[in-house]
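Shown next, in structure tokens, is the structure this report addresses.
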Amino acid sequence: MQQIVLASTSPYRKALLEKLTVPFVCASPDIDETPRIGENAIDLVIRLAESKARALATHYTNHLIIGSDQVCVLGNSITGKPHNKINATRQLQQASGKCVSFFTGLALFNSATQSIQSIAEPFDVYFRTLTEAEIDGYLEKEQPWNCAGSFKSEGLGITLFERLSGRDPNTLIGLPLIALTQMLQKEGLNPLTVRNE
């Protein structure tokens, strides 16, 4: 069985991949994540997911390398990680009462055969109307500065929503496990039949 590499140091993605109970290692890809001029959200997350997976191929030459990246879109604007409270407050104010679309790019690169599978998995988040006090309270308690959209859906962020819409809730956290399982199966690796030694 080819070994699996997660091209990420995100504790959230690592925890998600652990759900599949397949052995893997994590490694940090070093890529430029700057969006290209005129690049839409779907093209951006697919390009970044593929770039992250391919970036590790020189060190992992006979592996299945998983790359993932996520952006959120409000209106026609791509919104990234807030990095601080001022930006997070602005993002949540803009999202209040609206639908925010998330796109998670997923790539599985077989470094031995040089074949790659990739998708952009959509997920919609419908925010309820939020008060300033709720936004402040949430940001104070959870400090989601590293999260696209300024929330952690796996934590207190769930209280910000009216409803969620998508085929895989793991997509919102950063790693679409349903799609990943399908990709792994195409490479001959089924998480349900892998023996962990």
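Note: Cβ is positioned from N, Cα and C throughout, glycine not excepted.
As recorded in Swiss-Prot, the features of this protein are as follows:
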SITE      Y12  site 'Important for substrate specificity'
ACT_SITE  D69  active site, proton acceptor
SITE      Q70  site 'Important for substrate specificity'
SITE      E154  site 'Important for substrate specificity'
* What is the interatomic distance between the Cα atoms of Q70 (site 'Important for substrate specificity') and E154 (site 'Important for substrate specificity'), given in whole Å? -> 16
* Asked: Hey, which of the recorded positions D69, E154 is the loneliest by Cβ count within 10 Å?
  -> E154
* Structure fact -> Reading the DSSP string in three states, the entry for Y12 (site 'Important for substrate specificity') is helix
* Structure fact -> Same chain, |i - j| six or more, Cβ under 8 Å of Y12 (site 'Important for substrate specificity'); the result in sequence order is E154, I173, G174, L175
* According to DSSP, does Q70 (site 'Important for substrate specificity') fall in a helix, a strand, or coil? -> strand
* Q70 (site 'Important for substrate specificity') CB neighbourhood, other CB atoms within 10 A -> 29
